[in-house]
Amino acid sequence: MKISLLTFALVAIFGSSSWIGTNSVWMELSLLTAKLPEGWNLPSYLSAIVQIACLGPLIYSIILKGIKVSIPTVPLIFVFMILACCCQLGLCFFWSDTSYIFGAVRSWPLYLLLFGLAIVDAISSVLFLPFMAKFHPAFLNAYFVGMGLSALIPSLLSLIQGTSNYWCDGNKVPHYDPPRFSVPVFFLINFFFTCAALGAFVILYKTGAHKNSTKVVPDTLDTPAESVEKEESSFQETSASGARLAFLLIATALVNAQMNGIVTSVQSYATLVYSQNTYHYAVTLANVVSPLASWLQFFLKIQSIPFLAALTLCSSFCTGVIVYLAALSPNWIFGSEAVGSAISIASSLIAAGLHSYLRVMFAALLREGNHKESRLFWCGAFIQIGSFTGSAIMFPLVNVWKLFRSAPSCR
């Protein structure tokens, strides 16, 4: 099988646009909360905005599947990616603007711009994945590698920026170092990455890569009769039954609930209690492992439902460890900073790797058989359902009932 490396790279760049907008705002929270009037209440406001934006895929699904309105995919993707570029550029200039609304000074331009980015990010699950059904299955991996890059790029930029570097004085008061470059520069760099993703999508469409890439050159030539027999046999072996399909969709929702909702909500409590370095290593290395794990499907393709179910339980166990560590904060597990730091980083990396690999495998299996575009649509829908459910569960636990407590920066 011959795969175009250029097309693979373009698909990965296109896939990086899936969540880079929302992730870029999240990685700047330490600077935003220090300068905006909402203070540390800002994350809860922004989380609520993202969850409201998650209604976008629901509305799109109702229009497309319920009312049966035909919506051209390619022009819609182009419009949404233009919207993402505009919102990302707007953050460079208006992120710090505020005004008096509803009895308080609020950062409403940031709210609106994040809402626009979150709409694009959320709807990418049900819009971009069906577009990827037009490509050869190998390029679906490239798309998920790109999804991993959408978290890796902002986190690496934040690490280089040095948003959370600090030192403690004799009175155990933290003093934060100034960042190496400003918030507008950070958002501008992410704007250029978003523009690159838009350019990659245009090139993919204009060159007809989504049509040409489905034509795979076989290693040996088969007769027409042999080819038909192989196709029928392959379909009979890989076509998902009703129970199999239900498992794949439910497991997709479960994995993404952990990946995008649960872990992200409590990871700071599970890592910062040990040290700032523990937090940075856990978050940054997890964002490195995530796209790398998406490549595993090329070398290790597991189709056994019991084995996939076992891996899903393992990923859930790692997520449970992270939640347990967060619940212990501000105390250390086993009373040891070193042991707790090691467990926190290890569980974060294993969870990130398993979540990414399972997400790719579930999507690859759902793509097999007939109606692959419809199946990938529902795969995207359940990705969003899981992410929304995980965030909806964790939001009141973290922000309303305050079940997790932060540790002091200087012990």
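Heads up, the Cβ atoms here are built off N, Cα and C, so glycines get one too.
The following features are taken from TrEMBL:
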- 42-64: transmembrane segment (TRANSMEM)
- 76-96: transmembrane segment (TRANSMEM)
- 108-131: transmembrane segment (TRANSMEM)
- 138-161: transmembrane segment (TRANSMEM)
- 181-205: transmembrane segment (TRANSMEM)
- 245-266: transmembrane segment (TRANSMEM)
- 278-300: transmembrane segment (TRANSMEM)
- 307-327: transmembrane segment (TRANSMEM)
- 333-355: transmembrane segment (TRANSMEM)
- 376-398: transmembrane segment (TRANSMEM)
Contact ranking winner - 181-205, 245-266, 307-327, 376-398 against the transmembrane segment (333-355), Cβ under 8 Å: 307-327
The transmembrane segment (76-96) vs the transmembrane segment (181-205): 3 or more CB pairs under 8 Å: yes
Tertiary contacts of the transmembrane segment (181-205), as residues 6+ beyond its ends and Cβ separation under 8 Å: 7, 10-11, 13-17, 20-21, 24, 28, 31-32, 35, 74, 77-78, 81-82, 84-85, 88-89, 91-93, 95-96, 146, 153-154, 157-158, 161
